[in-house]
Structures are given as C-alpha cells and as structure tokens.
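Only one structure is covered here, and it is reproduced in the block below.
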Amino acid sequence: MEDLSDVFDIYAICACCKVAPTSEGTKNEPFSPRTFRGLGNKGTLPWKCNSVDMKYFSSVTTYVDESKYEKLKWKRERYLRMEASQGGGDNTSGGDNTHGGDNADKLQNVVVMGRSSWESIPKQYKPLPNRINVVLSKTLTKEDVKEKVFIIDSIDDLLLLLKKLKYYKCFIIGGAQVYRECLSRNLIKQIYFTRINGAYPCDVFFPEFDESQFRVTSVSEVYNSKGTTLDFLVYSKVGGGVDGGASNGSTATALRRTAMRSTAMRRNVAPRTAAPPMGPHSRANGERAPPRARARRTTPRQRKTTSCTSALTTKWGRKTRSTCKILKFTTASRLMQHPEYQYLGIIYDIIMNGNKQGDRTGVGVMSNFGYMMKFNLSEYFPLLTTKKLFLRGIIEELLWFIRGETNGNTLLNKNVRIWEANGTREFLDNRKLFHREVNDLGPIYGFQWRHFGAEYTNMHDNYEDKGVDQLKNVIHLIKNEPTSRRIILCAWNVKDLDQMALPPCHILCQFYVFDGKLSCIMYQRSCDLGLGVPFNIASYSIFTHMIAQVCNLQPAQFIHILGNAHVYNNHVDSLKVQLNRIPYPFPTLKLNPEVKNIEDFTISDFTIENYVHHDKITMEMAA
C-alpha cells in the first residue's frame with residue numbers, strides 16, 4: 001500500500017512553546033518532548049511576534065527546487081495511473097473552491113490551514129504570498145472570503161485537490177484539529193517543529209503523536225529572538241526515506257557524523273560549516289543549499305577522513321565495528337547543528353575511537369588529543385541540557401575563584417562538594433602535603449588569578465596586595481587597551497604546582513574585544529568529559545558575561561580548546577544514556593545590571609531563565 005504522505009509530499013510545520021503552569025502542582029513536572037506543546041491562546045499565538053520563527057516558517061513554506069519537481073511529478077502520476085487501473089480515482093472534490101493565481105505557470109508549495117488559523121492571519125498577509133492557500137472548513141464559503149484561495153471541507157477533499165494541482169510540497173500549518181486528523185491518518189511525512197523556549201498561557205495544544213513512528217532527524221543551532229531562545233527540529237516518519245535523512249542505516253549515524261567533524265578537527269582538517277536552518281534549502285532537511293548558503297567544499301583530506309570513518313574501513317573503523325555492537329544509540333539524526341552536539345560528538349568519538357590508557361586515578365580512560373568547541377553567548381547560555389547540571393555549585397565555585405580563595409570549607413559550608421575529594425587527609429598525603437590542613441587546597445586557580453607569584457603559606461593568611469592580580473590587570477586592559485593581544489589569565493604556575501592539591505585543568509584563557517563585544521578562549525590541558533567539561537563550559541561562559549558587564553561590553557563567543565580529552569571507564573555506561581538524548585534549546589543568562597565590580601557579584605545576581613533539561617545522570621568522580 002502506497003504511503004500517501006510520501007506520494008503527495010505532505011508535511012506539517014508548527015511552532016510550540018512551553019505551557020505556563022496553571023497551578024502550584026504543575027510547576028515541577030519533568031521535562032519531556034511534550035514540554036513544548038502550546039500552539040495558541042484565545043485565537044492567537046501565545047507569544048508576541050517571534051521574528052526568527054516567522055522567517056523560518058516563510059522560508060520553509062516558500063522554498064521550491066525546480067530541478068526536483070519532475071521526480072515528484074513522476075511519482076504522483078505513477079500513483080494516479082496505478083489507482084486508475086485498480087478502479088479508484090474519484091477526482092470530484094466536494095468542496096466549493098476558488099484559487100488566486102495561475103498555478104500552472106509558477107511552481108509553489110501548498111499551505112493548508114483550518115478556518116481559525118486562516119482568520120488569525122493579519123489582513124495584510126492574506127493570502128500567504130507565493131504559496132497556494134487552502135482553507136479547510138465545513139462552514140466557510142467563497143462568499144465569506146475576499147481573497148482567492150481554495151476552500152475545502154475535508155482532508156479527503158485535500159487529497160483530491162492535490163491530485164489536480166501542480167505543486168512542490170504540501171504543508172499543514174494548523175490548527176490543532178487539522179494536525180490531529182492528518183497525524184491519525186498517517187498523512188504526515190515530516191514535522192518541522194519549532195521549540196519556543198518560553199512559557200505562556202495556552203488553550204490550544206499540538207496533538208500527541210506516536211513517537212515510535214517518528215524520529216528526530218535534525219536539530220538546529222540555537223537562536224534568540226527578543227530574549228527568548230528557540231531551535232528547530234525535524235521529525236521524520238520512520239522508514240520513510242525522507243529529505244531530513246531518516247534512513248534504515250546505523251542508528252549511530254547522528255553521533256558518528258558529529259564525531260567525524262571532531263575527528264577532522266583533531267587531525268587539523270577544517271570541519272564543514274553549517275548554514276543556519278532558515279528554510280528547507282538549508283542542511284536542516286538535507287536538500288542542497290543555494291550558493292550563498294552552501295557550506296564550503298571539503299578538502300581531499302577531509303573527504304578521505306569522512307569516507308574512511310563512514311565505511312568503517314580504517315584501523316579505527318575496525319575497532320568501531322565491534323564497539324557498535326555495544327553502543328545502541330537511539331538517536332538517528334543526520335543533521336545536528338545544536339551546539340550541544342559538539343560536546344556529545346567528542347564523547348562519541350572518544351568512546352568509539354579513543355586510545356585506552358591507564359591514568360593517575362587507577363580507573364583507566366579512553367582518550368584523544370585536541371578538540372575545539374564554540375558557543376555563541378550573544379544567543380544563548382550553553383548550560384548542557386542532556387543532563388541536569390548543578391548550576392548553583394558552578395556559580396559558587398566561580399565566585400570562590402574570583403575572591404582568590406583556597407579554603408575548601410567555604411564551599412562545603414554551602415553544600416558545594418566539587419573539591420571535597422581533593423581536600424581529604426588521604427588525598428593531600430598522597431600529594432605529599434602532610435603539613436597541609438584538611439581542605440586547604442593550596443595555591444590553586446583563584447590564588448593564581450589574584451596573587452600570582454606570591455608565597456603561599458596556608459588558607460588562613462591574608463594575601464592582599466601580594467603577587468600579581470591577573471584578573472584586575474585583565475579588566476584594566478579590556479577597558480583601556482581593548483586591542484591588546486596580552487589580555488591573558490593564567491593559572492599554570494610551575495613553581496607552585498607541587499603545592500596545589502590538584503594542578504589546574506583549565507589553565508589559561510585569553511580575551512578578545514571587537515565591536516563592543518567580548519570573547520573568551522580557554523585552553524584546558526586535562527578534560528574529564530563526563531563530569532568536568534560540562535561545568536567548565538558553563539563556568540567560563542558565566543565568567544565572560546561577568547567581565548563583559550563590568551567592562552560595559554556585550555558577550556560574544558566562548559571558545560573551548562581541549563587538550564587531553566578523556567572518558568573514564570566508569571563513566572561510559574552513563575554517557576551512553578546521555579548520548580541517546582536529544583538536546584533542548586539552551587537557556588538564557590541574566591546578571592544584575594547594577595553590579596559594576598567583578599568582586600561584588602553574589603549568587604543572587606544570577607538568573608537562569610528557561611533551563612529545560614533531561615534528568616540528572618550520576619557519575620563517580622575519579623580522584
């Protein structure tokens with residue numbers, strides 16, 4: 001039996017927000033794909049105008065590729081011939097319809113909407129331009145509508161209409177009842193799904209659908225519209241072989257492709273850039289981009305790397321083949337532009353292709369050398385969403401660094417146990433710090449930031465005006481010499497390494513000012529992918545926001561360079577769970593605008609809005 005969604009290329013496109021809680025009891029509901037389900041409220045969109053989503057909607061529903069039409073036409077005509085030969089094919093539509101424009105001359109997409117959706121469109125935008133508008137209503141007549149559109153009264157009439165029209169694709173654009181009927185009748189090939197990361201009152205909701213019948217095949221970059229983050233998913237029908245890339249190949253395709261980009265970067269091969277998903281011509285649904293949006297061509301060396309990794313024919317490939325039997329990732333995306341996949345792709349690459357090594361802790365690791373991640377702080381706050389992170393602990397530790405503190409008890413008294421294992425008597429004795437008091441961590445990060453070169457005695461002494469205050473110098477340079485190439489903060493003091501409970505992992509960062517914006521690049525020599533790196537991404541992103549504010553700048557980018565990147569053997573099973581999860585849109589970070597001195601920030605000055613996340617994943621720290 002033919003799949004009509006594929007024959008007639010019927011898609012759904014929608015934008016959904018989080019639903020504002022209506023009672024105290026609903027505030028702590030766990031997050032899930034159904035978190036984003038709000039479609040409308042009182043006859044209009046729940047949110048105010050979201051320009052990014054509107055551009056995306058317009059781009060998706062107006063884009064056509066003339067070169068592919070003949071193939072689509074042949075497919076539809078073949079179906080109609082087969083239908084006719086079987087005695088079917090009643091092509092008489094029951095609807096009373098009209099249409100504006102000569103469909104035969106210009107290839108366009110069809111947009112199908114219910115009456116309420118049609119009436120919610122502002123008058124100046126009716127009918128939606130450069131699209132064949134179809135309104136589904138049992139009560140609307142052509143006398144009720146001044147604009148020239150098709151009016152039909154059932155989904156069956158829509159199928160009859162599509163048999164007659166010359167069109168590229170058909171998009172169901174709302175409302176909830178139309179979505180529900182098309183999904184229940186298996187008439188949707190793909191769902192273009194915008195996740196608006198804000199909570200609003202809603203009275204209309206996107207219908208539930210069988211997620212075993214659809215899988216996520218694309219996750220876009222994270223964008224920001226007037227302070228609200230959003231991203232774009234594509235759900236593809238399982239086994240449909242659709243444009244978004246649902247295929248019957250390996251279920252590890254998604255992360256393998258991301259890992260290939262990570263591997264290419266480790267091998268000094270430039271990774272392909274991703275065009276923003278502003279329409280179906282982007283990588284968001286697998287079609288070739290027009291020239292100005294197309295990613296740059298790969299180098300011969302990169303093509304070789306990609307080919308070898310895909311075919312599993314290299315030395316690493318043979319290792320991957322056997323490992324794949326263990327790694328049963330459910331994610332089947334081909335096109336993953338969400339920034340969190342940089343992190344997930346590195347983990348996947350290390351698990352599949354890493355070198356097995358012993359390590360200081362005795363646990364053992366798989367490791368690789370040299371990765372890079374970039375995060376756009378002007379759009380979002382990169383707090384990982386595939387597991388819940390201890391944000392309060394991240395902020396308290398950063399403030400502790402900024403104050404130049406080395407007393408682990410300060411954090412423990414706030415129930416922040418990040419450094420607890422490194423301050424025990426046993427750990428300090430193993431470091432030959434027999435004279436050191438428990439939880440005296442020595443001249444670690446904060447001491448080097450604020451007192452570089454000073455003689456360290458113990459955690460109780462006063463070091464005011466001793467050593468070099470690197471943080472103060474960094475802020476001074478940003479304010480007074482913003483083009484300086486010496487705006488560097490370094491925690492790696494060779495003379496003090498033996499006195500530290502733990503030598504610094506993130507050892508150096510540099511700041512860059514351009515066009516009123518501040519970027520930070522950080523080099524991390526030792527990178528615990530399971531536990532440490534998620535904290536480091538968030539911490540240095542917050543740090544960049546703080547320094548930008550006190551210097552009257554806007555945050556731009558955080559760039560994370562990873563040296564020895566490793567996965568502990570006792571973290572692998574937990575990380576497999578994390579790799580199965582689809583990221584949510586990142587949250588946003590707001591600082592108290594009244595704070596102008598870096599030392600004046602307190603925990604109450606930080607607000608994280610719309611942090612949607614998966615459940616916590618427990619991993620034991622290797623100390």
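Numbers run from 1 along the shown chain.
Note that Cβ sites are derived from N, Cα and C of the backbone, with glycine treated the same way.
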Legend entry - Residue among N353, N536 sharing the dUMP site, where Swiss-Prot lists R360, H506, Q524, R525, S526, C527, D528, H566, V567, Y568 as binders: N536
Inset, instruction - Given that Swiss-Prot annotates I13, C14, I173, Y179, T194 as binding substrate, state which candidate in D53, D65, D105 belongs to that site as well. - result: D53
Legend entry - Integer Cα-Cα distance in angstrom, S526 (dUMP binding site) to A15 (NADP(+) binding site): 41
Legend entry - Pairwise Cα distance for G174 (NADP(+) binding site)/D528 (dUMP binding site) [Å, integer]: 46
Inset, instruction - Quick one: pull the CA-CA distance for H566 (dUMP binding site) versus A15 (NADP(+) binding site), whole Å only. - result: 38
Legend entry - Integer Cα-Cα distance in angstrom, D528 (dUMP binding site) to R180 (NADP(+) binding site): 45
Inset, instruction - Under 8 Å Cβ to Cβ from G43 (NADP(+) binding site), same chain, six or more residues apart: give me those in sequence order, or none if nothing qualifies. - result: S116, E119, S120
Inset, instruction - Could you check the binding-site residues S116, Q177, Q524, S526 and say which one's CB has the fewest neighbouring CB atoms inside 10 Å? - result: Q177
Legend entry - Cα separation, R360 (dUMP binding site) to K138 (NADP(+) binding site) (Å, whole number): 73
Inset, instruction - Using Cβ-Cβ distances, find the residues under 8 Å from Y568 (dUMP binding site) that belong to the same chain and are at least 6 apart in sequence, listing them in sequence order. - result: D359, T361, V363, G364, V365, D528, G530, M619, A622
